[in-house]
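**Student:** I am attaching a structure below and will ask some questions about it afterwards.
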Amino acid sequence: MAEPQAESEPLLGGARGGGGDWPAGLTTYRSIQVGPGAAARWDLCIDQAVVFIEDAIQYRSINHRVDASSMWLYRRYYSNVCQRTLSFTIFLILFLAFIETPSSLTSTADVRYRAAPWEPPCGLTESVEVLCLLVFAADLSVKGYLFGWAHFQKNLWLLGYLVVLVVSLVDWTVSLSLVCHEPLRIRRLLRPFFLLQNSSMMKKTLKCIRWSLPEMASVGLLLAIHLCLFTMFGMLLFAGGKQDDGQDRERLTYFQNLPESLTSLLVLLTTANNPDVMIPAYSKNRAYAIFFIVFTVIGSLFLMNLLTAIIYSQFRGYLMKSLQTSLFRRRLGTRAAFEVLSSMVGEGGAFPQAVGVKPQNLLQVLQKVQLDSSHKQAMMEKVRSYGSVLLSAEEFQKLFNELDRSVVKEHPPRPEYQSPFLQSAQFLFGHYYFDYLGNLIALANLVSICVFLVLDADVLPAERDDFILGILNCVFIVYYLLEMLLKVFALGLRGYLSYPSNVFDGLLTVVLLVLEISTLAVYRLPHPGWRPEMVGLLSLWDMTRMLNMLIVFRFLRIIPSMKLMAVVASTVLGLVQNMRAFGGILVVVYYVFAIIGINLFRGVIVALPGNSSLAPANGSAPCGSFEQLEYWANNFDDFAAALVTLWNLMVVNNWQVFLDAYRRYSGPWSKIYFVLWWLVSSVIWVNLFLALILENFLHKWDPRSHLQPLAGTPEATYQMTVELLFRDILEEPGEDELTERLSQHPHLWLCR
């Protein structure tokens, strides 16, 4: 094989290593020589460009090996099959917590009624777990090979991945050696790490939270000072020498000692027990209200909202930095692809002095890139518009701005009818006024259901006469079926199905029709006094309930018809789709606190004698207590119950009941756990989520944040995605910065 010749003009400021002998597969040259290895080098350049563009699309680092075999492995690793396998493995190892001891496989979490759960035999879940750990070990090995040992040593996430795997395998071995009777499983606490390390956005979010902690801590310190000062004021105020009944009740109930006083005011800070804590003193003297009002105004209205503002400002700033890194990765990936492809221009003597990318070469690359068909087609059309003109670096970068647009689905053309009557009918039933009529009919159906629910509120299901409601439902369902068929006639089947609202509407109409036919087949036609005996699995009342619930659900079809409501609904859907990273962080936090809660409080909530039924045995329990409110299902006896308990605590309504119960059942130290959970979930995470909801809505309603229609087209074909909230604020990386970073690539040498 002929040795490739190094050019005198290096692409990125000078040849690295002082020579032209580059390792095979790592060198890209301005002139591709003709010879036995020319085809292989050509394929290598194409594959390198494909990988770099895919890295840019996914905001991945390009500092990986770029020889032929490594790129083959790299593309297989990031293929849909491998990534879905890895995601399923992460889901599986997290899901094991529901099956492992203590198992959540019971119908209820209430300690009074819960039967002994099925416990898996030793080795069953452990076998699944070790398979998952082996998949993670393979994942780590592939990452370590592709990015190299030097990168592995500097990457804390990869080092943490290795430590977590080693600790998990050691702990797994200990479990088997103790026949699954170990008192503590450390590896269960470490499992959420696998979810974190697999998401770059979760890593960025976690880093931003860590950077924002000092500012959060400063406001938290103010809150602590505020709480301590008013605790001392309260203890002094309600511990006077001449106490009236109100003072004494207040002191004994809420300010008996320092821990109780702190807890009472902390709960009041969350407004969970307002005005309960104030009532004993306020009932005797209205002047005592001043103390509680001032405390609430300063703490809840000023400091807590100040904390929200600081979290919004600081976190948004740090998120900008992380997103700036993502933007730089995209620009660096596309620039690397440009440099690789521009090195192929001189093949065969064409454009010997030109610098740019041949459109036909880029088209060949785009054919191999893993990209959705809509974006790929749009980009290829733009590339073809250049003809044989070389693409400059700037034009190459602008081409990939198409990735920042979401495709608006174009509806198929309507069927063409020759008959004037059919054309008029098509115009009538395809008009949006016909949708308004359908919405009015759906509203009338909903009102009829509401009327009968009100009239029959005090009537037992077995004594209800469903004749009139049954007739009305039959009429409405026939109209829904007729409406669906007329829309199919006007729009065509493909045109009808191209509207998501029609798919939703049509699917529910078919389900309603099947359910109504089943009801009529089993219980015959409605008639006065229509109360037949139960036949089959469901009674007439059960089938009517299902029918009415589907009709109520179908009423959601009005949302697309109301512009403002449609904007709000689309923004909410965008949040669901684009806030997965924050949902993942919440899953991690819930998982860790649930496992800790199980280890701390499993079995501490025990039903007292006389509380095994719903008989009024709780009459002796204090009003508002855990026992009187029958909160027995809120416990940490298994993973599912722990998750629900943590959710109820995050809402902070009546969370003082949990604090008091676990203090009595397990000890006063339990308050530390619940206060930490309140800080992490209700203060930090909820405020972060609120900040991002605000940013999302502001972006959605800002007309400047959307792309204008393309020139020469009647309407915009694309629009900005909700995912790119901050793109207009981010700073584009400079030319020198990109070339400098490319010159530092550990596995790629580019020469001209």
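Cβ atoms are placed via backbone N, Cα and C, with glycine included.
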**Student:** From the ranges 203-207, 313-317, 713-717, pick the one that Swiss-Prot records as region 'Interaction with phosphatidylinositol 3,5-bisphosphate'.
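**Tutor:** That would be 203-207, per the region 'Interaction with phosphatidylinositol 3,5-bisphosphate' entry in Swiss-Prot.
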**Student:** Membrane side check (same topological domain name in Swiss-Prot): Y254 and I551?
**Tutor:** yes
**Student:** Swiss-Prot lists transmembrane segment for one of the ranges 184-204, 331-351, 415-435; which is that range?
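**Tutor:** Based on what Swiss-Prot states, transmembrane segment spans 184-204.
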**Student:** Are there residues at least six beyond either end of the transmembrane segment (503-523) with Cβ under 8 Å to its Cβ atoms? List them, or say none.
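**Tutor:** 470, 473-474, 477, 480-481, 483-484, 496-497, 530, 532, 535-536, 540, 543-544, 546-547, 550-551, 553-554, 556-557.
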**Student:** Answer with yes or no whether the transmembrane segment (290-310) touches the transmembrane segment (128-148) by the criterion of at least three Cβ pairs under 8 A, sequence separation 6 or more.
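**Tutor:** Between the transmembrane segment (128-148) and the transmembrane segment (290-310), contact is absent.
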**Student:** Look over the recorded stretches 437-459, 466-486, 581-601, 674-694 and say which has the most C-beta pairs under 8 A to the transmembrane segment (290-310).
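**Tutor:** So the stretch in question is 674-694.
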**Student:** Are there residues at least 6 beyond the ends of the transmembrane segment (437-459) whose Cβ is under 8 Å from a Cβ of it, and what are they?
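**Tutor:** Result: 468-469, 472-473, 476, 479-480, 483, 548, 551-552, 554-555, 557-558, 561.
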**Student:** For the topological domain 'Cytoplasmic' (149-155), would you mind checking the mean pLDDT of the predicted model?
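**Tutor:** 88, rounded to a whole number.
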**Student:** List the helix, strand and coil residue totals of the topological domain 'Cytoplasmic' (205-218) as derived from DSSP.
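**Tutor:** Residue counts for the topological domain 'Cytoplasmic' (205-218) by secondary structure: 14 helix, 0 strand, 0 coil.
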